[in-house]
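Feature list (source: TrEMBL):
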- 1-26: signal peptide (SIGNAL)
- 20-148: domain 'Thioredoxin' (DOMAIN)
- Cys66-Cys69: disulfide bond (DISULFID)
- 369-488: domain 'Thioredoxin' (DOMAIN)
- Cys411-Cys414: disulfide bond (DISULFID)
- 490-514: region 'Disordered' (REGION)
Amino acid sequence: MATRSKVWISLLLALAVALSSPAVRAEEAAAAAEEGEAVLTLDVDSFDEAVAKHPFMVVEFYAPWCGHCKALAPEYEKAAKSLSKHDPPIVLAKVDVNEEKNRPLATKYEIQGFPTLKIFRNQGKNIQEYKGPREAEGIVEYLKKQVGPASKEIKSPEDASSLIDDKKIYIVGVFTEFSGTEFTNFMEVAEKLRSDYDFGHTLHANHLPRGDAAVERPLVRLLKPFDELVVDSKDFDVAALEKFIDASSTPRVVTFDKNPDNHPYLMKFFQSSAPKAMLFLNFSTGPFDSFKNVYSAAAEEFKDKEIKFLIGDIEAAQGAFQYFGLKDEQSPLILIQDGDSKKFLKDHIEADQIVSWLKEYFDGKLSPFKKSEPIPEANNEPVKVVVADSIHDVVFKSGKNVLIEFYAPWCGHCKKLAPILEEAATTLKSDEEVVIAKMDATANDVPSEFEVQGYPTMYFVTPSGKVTSYDAGRTADEIIDFIKKNKETSGATTTTSEKAADPATTAETVKDEL
């Protein structure tokens with residue numbers, strides 16, 4: 001069963017390319033290596049000890065072949081040298097999770113692409129994603145803030161001016177005193193969310209640049225550069241406070257373009273498990289303003305529905321188009337992906353059709369859209385090609401034992417595996433109860449019976465419907481041996497579903513091939 005949050009991995013990784021630091025020259029990387037490393041190198045044997053030893057440590061999970069990892073390396077090293085002189089020293093570490101023995105760390109910490117950086121606080125009791133810059137100066141500045149107090153006291157309007165950036169979200173607790181349940185809960189949330197937001201606390205609302213100064217304390221005030229510029233809440237329950245911040249910190253309509261100021265909101269949008277409505281059109285041509293106005297009004301009309309809204313420029317959103325199997329000539333188009341990963345599409349939409357189409361969605365009157373390549377007319381190769389429109393017939397209704405590979409055309413590991421699968425399929429071609437098949441998971445929707453987090457991912461499905469994640473070796477002999485040991489012969493009736501995550505599936509991702 002595919003988990004909702006992982007539906008958006010391809011889009012997040014494509015977006016990460018735009019957020020990545022520029023590529024560095026090879027000689028710069030080599031020079032950094034020759035100077036000696038300030039970055040602490042860890043492996044599975046030393047990892048837990050290092051986490052326990054350092055109250056604050058940043059760890060980069062990387063793969064040696066990853067281009068973005070190579071670009072980050074000299075910047076990360078420069079930052080490590082600078083931060084080693086900080087009082088107290090800030091430790092930067094790295095671990096090669098492409099190495100076989102370190103792959104359990106990738107599984108444990110849910111590493112889905114490279115490089116991934118995580119902040120380990122309090123001997124690993126609090127683990128957060130690193131969401132700061134990828135160049136040395138920015139890394140240093142960001143991490144110095146991370147080791148200070150989670151929330152800074154605002155004692156004057158001058159303090160507020162120095163701490164609050166009008167272009168960023170800032171969250172302030174306004175109290176009668178810095179004690180009590182409300183203050184404790186606020187500080188707990190500030191500590192938990194400090195890698196995402198800046199926090200402050202004050203005794204005087206009139207120190208703040210925006211919002212009513214004559215307010216009843218305590219309250220939480222969220223300042224933001226979009227929609228309502230000030231939002232207040234008086235609910236200090238920890239869960240309610242987190243929900244308030246999450247709901248208030250994303251624009252009612254997120255913009256998907258090349259402006260880096262919008263990228264943090266895009267990441268939050270795609271990471272959300274809520275249904276998503278996405279309107280794509282060309283921002284530079286056509287009636288963009290009329291679409292934007294109607295769409296914004298629709299987002300306001302349906303704000304009480306559990307759905308998030310995005311408007312995207314087709315020039316910036318090619319990764320999304322590839323992921324959903326869309327074409328530029330279909331725009332303007334609107335697409336909804338719901339919480340169950342069903343998709344609903346209306347292409348060539350007119351501005352005045354947006355509201356009525358959304359109402360049809362909420363009323364359950366729309367039919368889902370499925371991304372699929374055409375079913376091949378000829379399928380005579382040893383490894384059979386399946387697509388979204390044929391996978392259930394081939395895999396679940398054929399009465400055969402099927403080894404199915406989910407691959408990506410750009411994936412190096414998949415290219416290496418291709419002749420091995422063909423050899424295994426050729427060897428087994430006389431066995432009429434066995435099929436070896438493959439599906440391009442970038443061009444076809446993956447059925448909910450399978451979870452694909454990286455490429456290649458393989459499953460074995462028996463005639464009775466038993467689904468098993470393939471976790472054996474990657475040689476032809478090992479594949480053949482696995483099939484012979486696990487296949488059902490005619491008449492088997494077991495009906496079990498066994499699926500386990502394969503750490504190797506995270507070894508190669510979109511991020512590192514773009």
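Numbering starts at 1 and runs along the chain as it is shown here.
Cβ atoms are placed via backbone N, Cα and C, with glycine included.
For Cys411 (disulfide bond) paired with Cys66 (disulfide bond), the C-alpha to C-alpha distance reads 12 Å. Counting every protein chain shown, the number of other Cβ atoms lying within 10 Å of the Cβ of Cys414 (disulfide bond) is 21.
Model confidence over the domain 'Thioredoxin' (20-148) is summarised by a mean pLDDT of 85. Between the C-alpha atoms of Cys66 (disulfide bond) and Cys414 (disulfide bond), the distance comes to 16 Å. Per DSSP, the domain 'Thioredoxin' (20-148) is made up of 57 helix, 26 strand, 46 coil. Cys414 (disulfide bond) is 21 Å away from Cys69 (disulfide bond) when you measure Cα to Cα. With a 10 A radius on its CB, Cys69 (disulfide bond) counts 22 other CB atoms from all the protein chains.
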